[in-house]
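Read through the structure below, which is laid out as structure tokens, and then see the notes.
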């Protein structure tokens, strides 16, 4: 039982949960003039006895459903024909997810049920959605079973992880006039709708004016460019509270894990990603989700960030196995079995984290996770 119940918050820092208050703003015109008013209107139909975390969970379910359907139809193949109804369903449910994502905070303020746990779950579920919807989008864009599938996921995960650190150091989350939470999220639904309308092959059209790049590869380059352009401003904000060198020390774990995954894919002796691309996505995705959760958790309880997470040993094993294949001509451990095992463990470790922070915070604050906990006046 002691291995199941693990305290991620030390007893010295539990007291900070009682005084934590979320601070943030969103300058997006799309959010303030379209998405937020829609959520305000929908809020009228949400009963007062519905807990904000229920709305957060419903948003996650809106992404899990098409993800499961994609899996049963496409399996471990990230290209090929996708039924139009699935693409339209994914686009529609993604819009519903966006609305639930905006509703939960409004419901929390409306019922006076804001809590540190709600903030952590919201951030953590959003990071999971980058993974789950990212695999669907990678398939729709016909990226295929190759290193670019993982790169397309890593690109948006970098700013998300860095912004989590911004909130940790500045104690606020202030989103700019164009941001991933509003414009970036709705663009995902648009991409699915475009795919449904024009067909999957549209992504394979080459652009003569852009060095014959396929549209899907052009979008990948555009995503990477936007990250390179926007991230310096985030780093500058953080540098007002800590040194850049200290920040990058905190990012070492994240950068190392991603570097190992890309190294393993590129130098794999059996090109294992052709058969197990989804395992790679789950490995980097659930590892990143827990990392975001750890940053958010230490933010709300005013605790120092750990230098690394124990999951690093999985990546060290993966790296050693890859290097052994380069030296010996064949990896010591079967690459396919190893990445599938690590992916499965990454999922269980993430579930273990969510269970324990839910248990610890709800016990300390004497609240129920999926119920209204304060009288509504």
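The backbone N, Cα and C atoms fix where each Cβ goes, glycine too.
Just so you know, TrEMBL annotations never went through curation; they're auto-generated.
The transmembrane segment annotation in TrEMBL covers 54-74, 80-100, 147-164, 184-205, 217-238, 250-267, 336-355.
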- Query: Under a Cβ pair cut-off of under 8 Å, which of the recorded stretches 54-74, 217-238, 250-267, 336-355 contacts the transmembrane segment (80-100) most often?
  - Reply: 54-74
- Cβ-Cβ under 8 Å with the transmembrane segment (184-205): same-chain residues at least 6 beyond its ends: 30, 35, 79-82, 84, 87-88, 90-92, 94-95, 98, 101, 133, 136-137, 140-142, 156, 214-216
- Message: So if I exclude everything within five residues of the ends of the transmembrane segment (250-267), which remaining residues of that chain have a CB under 8 angstroms from its CBs? That is, six or more out.
- Response: 146-147, 150-151, 154, 161-162, 165, 273, 280, 283-284, 287-288, 291, 305, 307-309, 311-312, 315-316, 318-319, 321-322, 325-326, 335, 339
